[in-house]
Amino acid sequence: MAGGRETCLTLIGFILTCLKMVASLKSAPEIPTIDQAYSKISNSITVEWATVPGATSYLLRAEDGDTVIETMVANSPGTVTGLKAATLYEITIRSISAAGRSQASPPKQAKTVLAAPILEVSSPSSDSILVQWEAVYMAIGFSVSIMRANGLGSIWKENTTNTSLTFTSLEAGTLYTIKAYAWNANGIPGDDSTCNQRTSPRAPANIQVSFDSGALKASFSWAPAEGAFNYTVMALSDSSELTCSTTLSSCTISSLQCGTEYLISVLASNDAGSNKSSSAVTLKTVACAPGRVMIQEEPPGHLSVTWSDVDLGDYYVAFVKSDDGLEVHCNTSLTQCNFLSECGFTYFISVFAYNKAGQSPLGDIFNYTTAPCCPSDINPVLVSSDRVEIVWSPVRGAELYETKAVDGYNVVECNDTAPACTLSALECDTKYNITVYSFSEVRGSNMSCTPQFITTAPCSPEIKNVSRDAFSMINVHWRSTNDDATYTVTAQGEKGQYQCSSMGESCTMGGLPCGSVFSVTAVAETQAGRSLPSYSVPLETAPCCPTGLTVTQITQSVINVSWTIGTVAQTHVVVLESHTGQSKCHTHQNHCLLGCITCGINYTVTLKAISATGLAADCSFQSYFSSACCPLGVKLYRLGPNGIRIYWQASRGSANYSTDLYGSKGIFTCTPSAGRSFCDVAEIPCGDVYTVMVSPVAETGLKLTFCPEKIYSVTCSGSILGMVIYRGKRNEE
């Protein structure tokens, strides 16, 4: 059912269309007649015809056998577009009105012209333009013309059968208009193509280079190039390419590499292309700073600075500046410089390479510190037996001083930051090799310092014995191991100091005061100095002998010896000695009674002073003659009225005597002549009682009074001689 209905509707539509066509045929306008059909553009054909009355529009139809293209136009002429170039078309036209359209006009053939060449234009140089195109269908030749775009100047036209053409002798940097078309075998030109092309600029010339060696940059300038919109400077090396661009006539490239040779070219550019400078400029930058700088100090006092060779380096300058500000340098084409150096300095070293471009950039600054100076004025301020104190002036560069004392086997060291050292625990009388090394943390010890020999003071002697001889000389003996030493022994006491010297092991001193206590020490002395004193040994001298020794005859058999007590003496021994015997006493007093003395004999008196320690001094040897013995048989005889003779009998030996008569009327004395045993008194009153004493007279003239006295009475009656009556001894009364 559905299918039958659709068939019916289709049939009805077809019938209506046919009816309409019939109606239009009956009222359609006249058929137009084509006057001419021609092509001026490769994709269209223009048709001209006479106007058809009543027609409101026209339908143009172009058919090439493959395609049909229709175009509705309002009146003549009309153009069919969208056609193929160089193609033969059959053209028909229909007039159209409200009543319908007419039948197609008789056909007329027309052929589209050639297509326009598709141009590719460039400016290979500043005075030429190259025009290129692909082959155009049905074309047998081409016409290309060129003129300045601003219309000035003439037109240059060229015909060619090729597909490219170059116009030369043009102005640089100028905009040109290029027009080209193809023609066919009939000489009919096809569509033309028009384009504008500018010639490329001229190549920059007169390139100038200014190099800043410090900043490693270069400024470039050149004469402006005709037709250039902008410029590019290219610096080409083996390893890099650096550029800078500008619209001006100068440009600067930074960050150049040291030690590099650049080829400099300038490219002028515009929208047509670019043109490079014909001759390149060579730029050699400064050399790079020398590397592998090595500093050696050998021998001391000479610095050797070496470095590696660098590219583009013509010569080198090495600068050495010490930390006191002094700077020296050397120029060389080699890779080594030698400088004089001083100890204790820090040197700052830099090496530059030079060429025509200037000085290389600053490389690493090296510092080298020389060994500290050696102390030169080492002065021993104290040298003792076991110690040496030395001082010296501070030296440059020293942070620490190392002092070593070597005696061949043993080493004594001291380290200090001060310029002084005390070496202790040394051996006495020993020669030491003493060296003061200066030290710095950077360089260590200066091992070239000169040693100094210092011998310690001699060893202290040891006193072995102190003795006295018979002459009161003090002998001191000691023991020592010193070489070539002079020894001085000193006895020091309250009463002074006494010394003796010797190069041996003993010396003798005398003149020490008696009764003194001394401290005896010994000191050794050499050119190196003095030793410490030995341990002291006490020394006591014998007590001083008493002064004023006096012997007094007390009785005929007793004498008294007295003295002034001497220093230190505590007791005394007195000895009275003769051929008959010896009398002796020991006392702590200053006198002594000696009995059993024989009268009239020569005695030797000896006094010995003894100290509390038993030290004795034989002080005095004195001869003493005991008094004469008292006379025996003393008698008086009358001599005349007033005279009297005293007579006696000497007991032993010869002696002088003195006679004294003591009475109430006076004292009468007579002295007999030497060798006589009587004495006469001329005038003596009678009638008185006299005490008579005959006394021996000592050699000193002293009259001894210890002899017995006798009493006589002298009367005045009787003979001329008178009477002398013995009345006895005085002690008998």
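Glycine residues also receive a Cβ, built from the backbone N, Cα and C atoms like all the rest.
These features come from TrEMBL:
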SIGNAL    1-24  signal peptide
DOMAIN    115-203  domain 'Fibronectin type-III'
DOMAIN    289-373  domain 'Fibronectin type-III'
DOMAIN    374-459  domain 'Fibronectin type-III'
For the domain 'Fibronectin type-III' (115-203), DSSP counts of helix, strand and coil?
0 helix, 49 strand, 40 coil
Across the domain 'Fibronectin type-III' (374-459), what are the DSSP residue counts per state (helix, strand, coil)?
0 helix, 42 strand, 44 coil
DSSP helix/strand/coil residue counts for the domain 'Fibronectin type-III' (289-373):
0 helix, 44 strand, 41 coil
